[in-house]
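Q: Got a structure for you, written out below as structure tokens; questions coming shortly.
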Amino acid sequence: MGTVLKRSFSSSAGRAAIKHVTVIGGGLMGSGIAQIAAQTGHDVTMVDMSEDILAKSKAYIEQSLSRVARKKYKDDPEAGENFMQETTRRLSTNTDTRDAVQNTDLVIEAIIENIDIKQKLFSGLDNAAPQHTIFASNTSSLPIKDLAKSTSRADRFGGLHFFNPVPVIKLLEVIRLPETSDATFQSLVDFGQAVGKTTVEAKDTPGFIVNRLLVPYIMEAVRLLERGDASARDIDVAMKLGAGYSMGPIELVDYVGLDTLKFVIDGESRWNESMPDNPLFNPSPMLNKLVSEGKLGLKTGEGFEIRMK
Ligand SMILES: CC(=O)CC(=O)SCCNC(=O)CCNC(=O)[C@H](O)C(C)(C)COP(=O)(O)OP(=O)(O)OC[C@H]1O[C@@H](n2cnc3c(N)ncnc32)[C@H](O)[C@@H]1OP(=O)(O)O
Ligand SMILES: NC(=O)C1=CN([C@@H]2O[C@H](COP(=O)(O)OP(=O)(O)OC[C@H]3O[C@@H](n4cnc5c(N)ncnc54)[C@H](O)[C@@H]3O)[C@@H](O)[C@H]2O)C=CC1
């Protein structure tokens, strides 16, 4: 542990060099984050609750890596093969969270969007991780400050909000709290750039930048559908061809997860309560019905539009 401390505090601007990353949660987002960190030369440990889940995460990463390799090394399949092997070699898995953070420089949390579970996780991590380790959450919509307060390291805490699919989408929102130190913030920005993202700085306000704009837009589309004003297909075609979006809003909900949208509007994040003047965030009967039937979009194979295909 002493070596790690020395290494991390020795860089010139006082900011930590991120060499080892622990990603907690190996689902849709966590596996993508682990992949890009490993493919850009970081040593990565990915944590989830069972070996079975981690085996699925690894299979998903291999599939995604082969798409990246095909594109990056299209004229040199051998180099593509080496890239895949090197990346896989840098990626390990663990089901023991405390063990996984023993020697890590950065923890990125990407578990279920539940404040109690996230707080419990961070509180345990605070005792287990070295003093220099920076903590970050990939939450879509929970306040970062509510997560940081379960630790004693608010100065080494921030948000790293990636976008789905992580290997493809170029943006990373870096969220800073008033307590986040300059060195921590700069380390997070440096890390974002090291994994190939363009970073933007956001304050800890609901939805940061992208989701604050995207969620109302998506909910307007869901309301159109609920009122029967247009079909899912027509809403999507309209926004793709009429406004230049790569995906229509209904297709996007299926892609991101209906559960994720519900967490934001009237689930864990309760935007319906924090922004009561905006009726878009009121419970949506159509969304609620699909979620209660376990139709969460791509991750379960059925959602708004997928069932129609
Ligand atoms: C909820 C939150 O908190 C925040 C969020 O994430 S909001 C959601 C943000 N995401 C979006 O808005 C997604 C918008 N959609 C898109 O960008 C695109 O539709 C898409 C990238 C998902 C798919 O693009 P597409 O052109 O329809 O399909 P496809 O041809 O399969 O993929 C395009 C490229 O991405 C690559 N790709 C797609 N998914 C990939 C993955 N998981 N891993 C690696 N590469 C992938 C493909 O290999 C393909 O590469 P080439 O161009 O070299 O062929
Ligand atoms: N789905 C999306 O498009 C986006 C989601 N996010 C955020 O990322 C986080 C993860 O979302 P997804 O990857 O979509 O969820 P997911 O449901 O695909 O994955 C969550 C994973 O966390 C694991 N997990 C749950 N509790 C755990 C614990 N205590 N310890 C270790 N692992 C645990 C689960 O087993 C699961 O594999 C959420 O906070 C979400 O709001 C952020 C950006 C985009």
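Heads up, the Cβ atoms here are built off N, Cα and C, so glycines get one too.
Pulled these from TrEMBL:
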- Gly25, Gly26, Gly27, Leu28, Met29, Gly30, Asp48, Glu113, Lys118, Ser140, Asn164, Lys299: NAD(+) binding site (BINDING)
- Ser64, Lys71, Ser140: CoA binding site (BINDING)
- 20-205: domain '3-hydroxyacyl-CoA dehydrogenase NAD binding' (DOMAIN)
- 207-304: domain '3-hydroxyacyl-CoA dehydrogenase C-terminal' (DOMAIN)
- His161: site 'Important for catalytic activity' (SITE)
Q: I'd like to know which of the binding-site residues listed (Gly25, Asp48, Ser64, Lys118, Ser140) lie near ligand 1, counting only a CB under 6 Å away.
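A: Only Ser64, Ser140 meet the Cβ criterion.
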Q: Where does Ser140 (CoA binding site) sit in DSSP terms: helix, strand, or coil?
A: coil
Q: What is the interatomic distance between the Cα atoms of Gly25 (NAD(+) binding site) and His161 (site 'Important for catalytic activity'), given in whole Å?
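A: Distance (Cα to Cα, whole Å): 14 Å.
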Q: Which of these recorded positions is closest to Lys71 (CoA binding site) if you go by CA atoms: Gly27, Met29, His161, Asn164?
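A: Going through Gly27, Met29, His161, Asn164 one by one, the Cα closest to that of Lys71 (CoA binding site) is Asn164.
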Q: For each of Ser64, Ser140, Asn164, count the other CB atoms within 10 A of its CB; which of these binding-site residues has the top count?
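A: For the binding-site residues Ser64, Ser140, Asn164, the Cβ with the most other Cβ atoms within 10 Å is Ser140.
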Q: Any of the binding-site residues Gly27, Asp48, Lys71, Lys118 with a C-beta atom under 6 A from ligand 2? Give them in order, or none.
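A: The binding-site residues passing the 6 Å Cβ test are Gly27, Asp48.
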Q: Report the same-chain neighbours of Lys118 (NAD(+) binding site): residues 6+ apart in sequence with Cβ closer than 8 Å to its Cβ, ordered by sequence.
A: Glu109, Ile111, Ser137, Thr139, Leu142, Leu147
Q: For Lys71 (CoA binding site), just give me the three-state DSSP call.
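A: Helix, per DSSP.
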Q: What whole-number distance in angstrom separates the two most remote CA atoms of the NAD(+)-binding residues Gly25, Gly26, Gly27, Leu28, Met29, Gly30, Asp48, Glu113, Lys118, Ser140, Asn164, Lys299?
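A: Answer in Å: the longest Cα-Cα distance is 21.
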Q: Which one is it: of the recorded positions Lys71, His161, which Cβ has the fewest other Cβ atoms within 10 Å in this structure?
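A: Checked Lys71, His161; of these recorded positions, fewest Cβ neighbours within 10 Å: Lys71.
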Q: With a 10 Å radius around each C-beta, find which of these binding-site residues (Gly25, Gly27, Met29, Asp48) has the fewest other C-beta atoms nearby.
A: Gly27
